[in-house]
Amino acid sequence: MTFLPYSRPVLDEEEIAEVVDTLRSGWLTTGPKVAQFEKDFTEFIGCKHALAVNSATSGLHLALEALGVGEGDKVITTVHTFTASAEVIRYLGGEPLFADIDPDTFCIDPEHVRRLLEEHSGVKCIIPVHYGGQAADMTALLALAKEFDVRVVEDAAHALPCTHNGRMVGTMSDVTVFSFYANKTITTGEGGMVVTDDEAIAKRVKTMRLHGINRDVFDRFTSKSPSWHYEVVAPGYKYNMMDMCGALGIHQLKKAHKFQQQRKYIAECYEKGFAGLPVETPGIVNPEDFHAWHIYALRLNLDELTISRDTFIEKLSEKGVGTSVHYIPLHRMPYWRDTYGLKDETYPQSTAVFNRIISLPNFASMTDDDINFVINAVREVATAHAK
Ligand SMILES: *Cc1c(COP(=O)(O)O)cnc(C)c1O
């Protein structure tokens, strides 16, 4: 039996050749390939600074650190995300406040954010997540940030490329962080990018990603002043990106738009293919905007089906279709639930959505046969178990 995985990275000969070139060059850690990748990234986004790191998690940590988030500071994020969006707040001793989501986009609900801002003093920052690659309501969130004088760090792990009313994600707020984890829209294996237009933030992130040293290793070995000399100005981290990863990033970035078009095509095929089934296809806010389509989350209409979401997933797996669920919300995770006393009732939208979502395969190298394989499997399971 053939099995179609949920996700598969798309790597071509040029990525392989670039990594081999890096291996032969004798320079493995942060160096010329990372510098090239960063330069290309600023042009791709249209931002001033792009700083490569070894993961988006590291990038989010550095972003909050650069904004001065510390002990007891409150930071608002969504429950409907990967734990990384919230754990970075705890790294710095901050206190997360969680908001529910918009039921159509699964992005943070600005009205809930407003209530949290009104109820709590000492909020320093908001971390919206562009769920699945569709931008959160940045117009509303940036207005709230201004009204309440808080900063915004975008978790753009899904959002390359992505726009909000024509504006590129990465150009709107204080800091934006992208992920190049193996299953993300482009990949460097592990990796991330911190993007900002703010000189001071960029400088701090650059220093803190490498031990708090105010001069990076590549600088030290290529500039005229003595290579042994450096200064430690803060207790930094070890979050720099390796050149082997930068080598992958250079070529992946060139294909980011092509990959997006392919994922969009898959979403369009699914939209047509699932017509008439007891399911809801993803809601689209502005069809003019770029949707990165990192996740294709199908919603089951459970009251029209005789089986649960979990059984639906089992049946798809029996038919050879790999799936996932994004996400088991944070208020259902023992650490977050128990530490912060989070309850299902506080997050009705996320709770309801969680019970009915399935993420379907939608990686850029899927063929028409693969797409039809998924459509047929979903159609068969839904039809066989319709009420
Ligand atoms: C993948 C992901 C991250 C973390 O990215 P890494 O590069 O693996 O650290 C953060 N937030 C969200 C929403 C993600 O999906």
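Glycine residues also receive a Cβ, built from the backbone N, Cα and C atoms like all the rest.
Any TrEMBL annotation is an automated prediction that lacks curation.
Per TrEMBL, active site, proton acceptor is recorded for Lys184. According to DSSP, Lys184 (active site, proton acceptor) is assigned to coil rather than to any helix or strand. If you take the C-beta of Lys184 (active site, proton acceptor) and look for same-chain residues 6 or more apart in sequence within under 8 angstroms, you find Ala157, His158, Leu160, His294.
Sequence annotations record features per position, and here TrEMBL assigns N6-(pyridoxal phosphate)lysine to Lys184.
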